[in-house]
């Protein structure tokens with residue numbers, strides 16, 4: 001069979017036996033003066049050999065999954081604590097309820113990372129794996145949609161600006177994200193104790209729907225935001241979507257959406273890879289894109305902290321001080 005680094009090699013005895021059996025069958029089946037073109041059995045056997053790829057996210061990657069999960073939970077918890085503590089003034093951030101939901105989505109993703117991690121034993125059920133993929137992609141879809149709304153509406157998402165707007169958008173966006181996870185939830189399960197998507201002809205429609213959803217949310221949505229920003233600026237129609245550091249979130253999921261779409265095209269035979277090296281490169285890109293997407297649960301709280309720090313540093317000097325603070329400062333000034 002070979003391994004993931006070296007293709008399978010046939011021993012001389014295997015090659016000779018294969019040639020002998022084929023020649024015997026040929027002579028037995030046809031008896032006459034018909035001439036047939038020569039067949040290169042060695043080339044045929046080499047072409048039929050399986051293509052092996054190294055899986056970067058195998059059992060040896062378990063420490064990576066655990067570390068990212070722990071860091072993501074801690075970072076998201078700290079960010080949520082700072083959002084709901086008036087001492088840090090993070091509630092001054094424009095659209096802070098939406099930003100808090102981004103931290104919630106990141107925390108949910110961090111929690112299910114160990115469920116889908118390899119190397120934790122062979123006791124996971126298909127139901128648990130389906131639930132894991134549901135939360136995995138549901139939280140990611142919700143975060144992407146929340147970022148799109150935050151960029152499009154910006155300061156209008158404040159609780160005092162439009163009452164009920166934030167609540168209605170939140171319910172709607174999380175509902176859409178839940179619906180988008182149905183295909184991958186139904187087309188995933190446990191195989192050999194590992195959680196993995198199930199690829200079969202019966203589930204091809206679900207796989208196609210999931211690939212299209214990832215392409216639309218992770219790839220087309222940020223491209224649309226950038227396009228709208230550039231178009232409005234070129235036509236002088238206003239500032240367009242609100243661009244800020246939070247847009248860096250899409251860097252972690254954009255490759256996943258692209259490579260997942262390519263993988264579906266290859267599995268559906270709509271895109272043919274002529275060499276084993278091309279297939280190995282695609283498998284490597286799939287693993288790297290998945291690892292990058294997993295890292296978003298650590299990066300998202302950091303992006304939120306940076307954004308809120310910049311926003312509060314800009315807004316705090318322009319806000320009036322409380323009466324107690326102002327009188328205290330006046331007393332200190334008179335003493336000096």
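Backbone N, Cα and C define each Cβ position, glycine as well.
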Range annotated as transmembrane segment in Swiss-Prot, from 267-287, 288-308: 288-308
Membrane-side pairing of residue 61 with residue 266, Swiss-Prot annotation: yes
Segment assigned the feature transmembrane segment in Swiss-Prot (from 35-55, 245-265): 245-265
Of 64-84, 316-336, the range Swiss-Prot labels transmembrane segment: 64-84
Integer mean pLDDT for the topological domain 'Extracellular' (266-287): 90
Rounded to the nearest Å - Cα separation of residue 276 (disulfide bond) and residue 129 (disulfide bond): 30
Greatest C-beta neighbour count within 10 angstroms, which of the disulfide-bonded residues 51, 129: 129
Neighbour-count leader, CB within 10 A, disulfide-bonded residues: 195, 276: 195
Between residue 129 (disulfide bond) and residue 51 (disulfide bond), the C-alpha gap once rounded to whole angstrom: 27
